[in-house]
Amino acid sequence: MKLTQLINGLKLQNSIEEDLYDLVIQGLADSSQEVEEGFVFIAIKGFKDDGHNHISHAIEKGANLVVGEQHIEDLPVPYLQVDNARIALGILAKNFYGNPASRKLMIGITGTNGKTTTSYLVKHLLEQNGISCSVMGTIQNIVNGSSIKSANTTPSSLILQKLLALSNDDAVVMEVSSHGLTQHRIEGIEFDVCLFTNLHHEHLDYHGSMDSYFEAKAVLFDHLKPDGTAIVNIDDEWGEKLDRDLLEKGKNVCSIGQLKNSRLRIQSFDMEHSTLRLDDAEETLIQSPMAGIHNLYNSLMAYATALSVGIEKKAILSTITNFPGVEGRFETSKTQSGAVVIVDYAHTPDAVYHCLTTAKEAGANRITHIFGFRGDRDSSKRREMIEITSKISDRYIITTDDLNSVPVEEMRSLYSELNDRYGNEKGFIQMDRTKAIKDAIDSSSEGDWVVITGKGHEKYSHQFEIPTESDKETVNFMVKPPKAD
Ligand SMILES: CC(=O)N[C@H]1[C@@H](OP(=O)(O)OP(=O)(O)OC[C@H]2O[C@@H](n3ccc(=O)[nH]c3=O)[C@H](O)[C@@H]2O)O[C@H](CO)[C@@H](O)[C@@H]1O[C@H](C)C(=O)N[C@@H](C)C(=O)N[C@H](CCC(=O)O)C(=O)O
Ligand SMILES: Nc1ncnc2c1ncn2[C@@H]1O[C@H](COP(=O)(O)OP(=O)(O)OP(=O)(O)O)[C@@H](O)[C@H]1O
């Protein structure tokens, strides 16, 4: 591709020589390590490192042009100075890959909880009704039916545009994280449908306050096409605010919820049968394939999305019931003694609340809850999580999650301090996650529930006594121990 096409739409701080417009560009890289001959290197000032310090490395590897934010002179290759290198990366990547999003039905989902579950529900409804669909999110990216490992929930703009160009699918449903939004990872992308699930206490280590966390999430809706639809859960107070803001801007909003002004209004829930009834002329009954009120909301969001892209109501209602579920989201097993074991990715106070309440509503006799806190991550949600579990569970075991840089003994004393302050006598500490699960399963019987939250589909980052690599493997090990030789 020639430079003149590549920089279309890019605002430059410096002027460039006219003969440069014909420069042929072979590829783009935002890491000097990935530069090849004839590439453009985009220098980004990051959170840990600064791409500007790696410019000479990029040139050594063959970069024939560099883009960055600093004022730099006398480079051996041309240099383009921009205001914001992350935005520039988005524009360049979109141009380089030929704006692939413009040829697809684009669906973006944001919110604290429910993005993954809702995106898999939407994919299911689309595909069951003849629309092939890529997924980009926390667990993996799925493109043309193949799974591709994801490093971020929302990929960098460079990876995102590359994946979009690779996709032959009709539609793309992607989780759009607040980090992705503040870091301009969706720069240059316009969506046909944008969803807001809810906003709860999370990532305040990064955003500072709920207000700025909300502002970050709301940016997704600036990427809605003029004729696109916003689907917003207004039973969430931040969703209600978003709905008001979007209506003021003249956007097309399909609000969902119990409030009177909801476009798709919930008349009632039936938790026993996992259904919700809409307050419409037909009193539409939506069957959630997964337990819990939160999954009824996820199902309604997916229903609204499918409706907005033109799938017939009858077809949606019949295909939603055979949704197979999502890895690590309320996955259920039964032990030999008849206890129910749940593995769930809940890692926010609200998600933990929903998970434990769902177990209670399903008739759990005694609930043992196993969970932990991630080292170096949002510490402000820990108090609320302990308070919730100490109220709802009959016993809770605080254990290791990902320690990151925190030594295990430091984490243990932190747990002990937090539990003394905010917990009660139902709480125990067992730093070996697999032993905590074993202990909980061994001491549970028919009708009891063991609810393991926090890691969901993820692999362990640490070794424990039982040689397993995930909560699901540990549960399987306990439920079906390996046969002796
Ligand atoms: C804190 C954070 O968000 N970091 C993200 C950010 O990295 P960064 O640009 O700050 O990277 P950096 O290490 O400081 O490096 C700066 C620049 O120097 C370059 N470099 C570096 C070394 C070198 O030798 N040569 C070189 O050119 C790097 O390639 C980079 O361009 O931009 C990268 C590319 O987009 C992201 O992959 C990376 O996500 C990291 C891995 C991460 O953990 N992010 C989390 C917080 C995150 O984004 N999470 C959300 C989900 C949250 C949720 O649960 O809802 C997500 O969307 O994943
Ligand atoms: N609508 C919802 N409201 C509250 N909690 C939910 C909702 N949907 C799912 N959860 C809970 O949150 C957990 C994570 O769900 P899911 O992976 O769908 O959300 P997510 O937004 O993708 O999360 P993350 O950004 O951390 O990947 C689930 O395991 C469940 O406990």
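Note that Cβ sites are derived from N, Cα and C of the backbone, with glycine treated the same way.
Annotated ATP binding site per TrEMBL: G111, T112, N113, G114, K115, T116, T117, in sequence order. Annotation for K115 (ATP binding site): spatial neighbours I109, G137, T138, T153, E175, V176, S177, T197, criterion Cβ-Cβ under 8 Å with sequence separation of six or more.
Per TrEMBL, the feature domain 'Mur ligase N-terminal catalytic' maps to 28-97.
Across the domain 'Mur ligase central' (109-306), the prediction's mean pLDDT works out to 95. What TrEMBL lists as domain 'Mur ligase central' is 109-306.
TrEMBL lists 328-456 with the feature domain 'Mur ligase C-terminal'.
Under the three-state DSSP scheme, K217 (N6-carboxylysine) falls in the helix class. Sequence-distant contacts of K217 (N6-carboxylysine), defined as residues of its own chain at least six apart whose C-beta falls under 8 angstroms from its C-beta, comprise T110, G111, S178, L181, F196, L199, W238, L242. Annotation source TrEMBL lists N6-carboxylysine at K217.
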Residues near G114 (ATP binding site) in space but at least six apart in sequence (CB under 8 A):
T197, N198, H294, Y297, N298, M301
DSSP helix, strand and coil counts for the domain 'Mur ligase C-terminal' (328-456)?
49 helix, 26 strand, 54 coil
According to DSSP, does G111 (ATP binding site) fall in a helix, a strand, or coil?
coil
Measuring Cβ to any atom of ligand 2 with a strict under-6 Å cutoff, which of the recorded positions T116, T117, K217 qualify?
T116, T117
Within the domain 'Mur ligase N-terminal catalytic' (28-97), count helix residues (DSSP H, G, I), strand residues (E, B) and coil residues, in that order.
25 helix, 15 strand, 30 coil
Cβ-centroid neighbourhood (8 Å) of the ATP site, G111, T112, N113, G114, K115, T116, T117 excluded:
I109, T118, E175, T197, N198, N298
Which residues of the same chain, at least 6 positions away in sequence, have a Cβ lying under 8 Å from the Cβ of T116 (ATP binding site)?
G137, T138, I139, E175, V326, R329, Y345
